[in-house]
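Below: one structure, written as structure tokens.
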Amino acid sequence: MLVSSSFASSIDSVMSHETMSLRRNPPFIDTPEKMPNPTASPNGTIHHLIDPSLPLLSSTTSSSRSTLSSTLNSPPPPPLTTSYSSYNSSACQSITSSPTDNTALAHNSKCYFPHSLSPTPLSSNSSSHVILPPISSFTNLITVAEREFNGRSNSLHANFTSPVPRTVLDHHRHELTFCNPNNTTGFKTITPSPPTQHQSILPTAVDNVPRSKSVSSLPVSGFPPLIVKQQQQQQLNSSSSASALPSIHSPLTNEHTSRYSSSLKDSAKITKQRKKKECPICHNFYANLSTHKSTHLTPEDRPHKCPICQRGFARNNDLIRHKKRHWKDEFMQIYARESDNNSGADDQDDTARTSANNDSDDSNDKLAASSSSEETKLLKKNQLKSLYKIKGAFKCPYNSTLINLDMEVYPHKSRSLYFEPINCHQTGVFSRCDTFKNHLKALHFEYPPKTKKEDRGVVPGKCKHCGLQFPNVDVWLNKHVGKGCGYSYH
């Protein structure tokens, strides 16, 4: 039997009132146990849904009441089957949408129910009444609404700069994929990244959501929609500002800088090596090929020749080292000449002495002893002269014996000295430069008391002969010895 137009208008008015009150306060729903018996009072089925303060049904005429009673007693239309799954999905979308959408839905639809169908009346043997959806469905709607309200209030004090946990992000991506399975190809695979790059993960997952659905309309449990939107905006701003700045701290830039600095240090420490050339005779490579070629020549044809033995050498240093070997021969030659001259003079003295003192044996013994001592002194003097005349030898400028010998050989250099010479060495002549310098540092420079041998090069001191102070022994040796102090040989 068809429902009359007056009954339909009454139902629409009641449902519109309940719809308008639902946005302000939670809906008041009675359980089936509290509902009156429909068989005892047919009109009671509608009265428990109507607010007595509204003059909606109180102003209706008696004809409307009779029409309503006759309609309730009529057989109900065939039941329409609806699925609670479609109801739940529609209810979730309607509740989590914006208030503007709720208002438009309340004004455009005839009945503000979670599903677009009218309440399903159930038939019975005696009478029929309207059965609303289960109370558990409305409880879910109320829970979602309270969660959205609490999320908006808590978002004022939320810290949006904190990183999003990876577990929540994976759950969020799973929910996005579950709610929109047709757009799974738009998601990008998020690879693990360092902790400093976690800010770029959330915008990648949220930007792929279709623009028809906002983030707040997606059912993400435990993640307030407003917080997701604000975090998305903040992450987008941070990513755009980071992309605008030059990446001066990128691993590539740091690696390039470190390699460039290390190459500069290596080039500063290592000098440029000379290019080696191949010898045409032995086919070996040498940096100084011209010097090496002289080694293939015979000793007579080499450029540096010894003036004594006429032996040739490829390098001048080899010639200097070779000349020192001739010092012994030169010393013996000089000593032989000096001894011959002195022996001739001694022979003349001996003949005069023997002719004058033939009668006294004691005097002969004394003359023999004196002659032996004089010969020893003369021998040493001749040896010193022979060493003194060797060219290239290093002579101590403070040796008293060598200074007196030089003044004797060159009388015009005899003068008073402004320093006190000492007998520091037996001869005062050295064949090697390092030995000569070690002699000067050890015997002619005064160090502070208790100075260790390894500290002599850094401690200050003074000259033993003139008393001048110097910061270290090297300054004294290079700027004072032989220039400001000491004897200059001929």
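Placement of Cβ uses the backbone N, Cα and C atoms for every residue, glycine included.
Owing to the predicted nature of the structure, the values given are computational and were not obtained by experimental measurement.
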Swiss-Prot annotation, phosphoserine - which of S83, S155, S200, S339: S155
28-50, 304-326, 419-441 - the one Swiss-Prot records as zinc finger: 304-326
From the candidates S153, S239, S267, S372, the one which Swiss-Prot records as phosphoserine: S153
Residues of the zinc finger (304-326) by DSSP state, where helix covers H, G and I: 11 helix, 4 strand, 8 coil
Segment-level pLDDT (mean, integer) for the zinc finger (304-326): 79
